[in-house]
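Database features (TrEMBL):
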TRANSMEM  36-56  transmembrane segment
TRANSMEM  77-97  transmembrane segment
TRANSMEM  103-123  transmembrane segment
TRANSMEM  135-154  transmembrane segment
TRANSMEM  174-196  transmembrane segment
TRANSMEM  203-231  transmembrane segment
TRANSMEM  243-265  transmembrane segment
TRANSMEM  277-296  transmembrane segment
TRANSMEM  302-322  transmembrane segment
Amino acid sequence: MEGGNSPSLQLQQLPLATAAVSVQPHTDSFSYKENLIGALLAIFGHLVSSIALNLQKYSHIRLAGSKDPRAYFRTKTWWSGLLLLVLGELGVFSSYAFAPLSLIVPLSAVSVVASAIIGIIFIKEKWKPKEFLRRYVLSFVGCGLAVVGTYLLVTFGPNSHEKMTAENITRHLVSWPFLLYMLVEIIVFCLLLYFYKERNANYIVIILLLVALLGSMTVVTVKAVAGMMLVSIQGTLQLDSPIFYIMLVCMIATAIYQATFLAQASQLYDSAQISSIGYILSTTAAISAGATFYLDFMGEDVLHICMFALGCLVAFLGVFLITRNRKKPVPFEPYISMDAMPGMQNMHDKGIAVQPDLKASFSYGALENNDSMPEIYTPATLPIVQEQHGPKGVSVPPYRVLEHTKKE
């Protein structure tokens, strides 16, 4: 009896085994398609956002000399940039609903690459042929490395996919790995905030670490909100759960405080340093948060994890090289008109200008190539003489302007 049932049992188990084998490739293919959709949405969003920001920058540059500080509100270029910026942010927001968090966050290197290329072509940043190799060869190498790093990230990104239901998010929120991670992050954040506020440690690393720690919580909540909205659109309503609104409030609060610290950093340091260091720190913190909250690398083999880490390092190096040789802006140095001082004669009554024509420098009394300029363009001197009184007690102006005439 036992021997007779053995062949029938084997025949009955054969379709089940075949079905089990066929399900796994379908799951891998579906996961790869979701990763690809999320990566393409993130790349599209960052690319459109870079174009939008450069459009607004171009509008501000064109209206730099306008007396109306809000003249750019009346230009189509600025409003087009604003609409593209909203479209790009929506693309990045949607990408979190499809792909793992650890895959989407490093793709922000696309915006750095796009800004570097658009800054040269669209904005037409000035450069001399002799300085081309010295200034831009490292930037082009950085763009290439960032593209290679992005390819490695998309190819070897984590394949962990689960529906962002309220039950799953609540389970992750109270898991001990994430609670331990939150405890360490809160302690580190409080220490950094103490040194920054009380000890006046205004180092760029401390400020950007505060931004990165807040940003890691921002992306965790963004993925939860975007994923729950996607599940609701697919038919299973999740918007009536309290965890959705908790995540939404945390997302808005952390984003606001993150922008506050980022604005303080932009007032103290150059934007190129903020871009490179901020990208490295924020990406590292966000990947760590995604690995502990969503368990992005659970079940991944060592080769994929190592190749993903290599892609992150290559992207980090590319962003650093792109921002390494970025031209620093020349700060504006205001000057006081000499004829506006009390007790001074009006210098413009006789057509005599004290301030020389402004060429490319904002420093008072500075000219380009002073040696080659004619003597007539040299700034006028204002010798100080002692105040003298006339015979009837009428005071003579204490300053005398020496007119310069061109030598024959």
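Cβ coordinates are placed from backbone N, Cα and C, and glycine is handled just like the others.
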Stretch among 36-56, 77-97, 135-154, 174-196, 203-231 sharing the most Cβ pairs under 8 Å with the transmembrane segment (103-123): 36-56
For the transmembrane segment (302-322), distant same-chain residues with Cβ under 8 A (at least six beyond the ends): 102, 106, 109, 112-113, 116, 138-139, 141-153, 155-158, 275-276, 279-280, 283, 287
Result, the transmembrane segment (36-56) in contact with the transmembrane segment (77-97) (3+ CB pairs under 8 Å): yes
Cβ-Cβ under 8 Å with the transmembrane segment (36-56): same-chain residues at least 6 beyond its ends: 72, 77-78, 80-85, 87-100, 103-104, 107-108, 110-111, 114-115, 118-119, 122-123, 150, 153-154, 157
Folded-back contacts onto the transmembrane segment (243-265), same chain, C-beta under 8 angstroms, at least six residues removed: 166, 169-170, 173, 204, 207-208, 210-211, 214-215, 217-218, 221-222, 224-225, 228, 274, 278
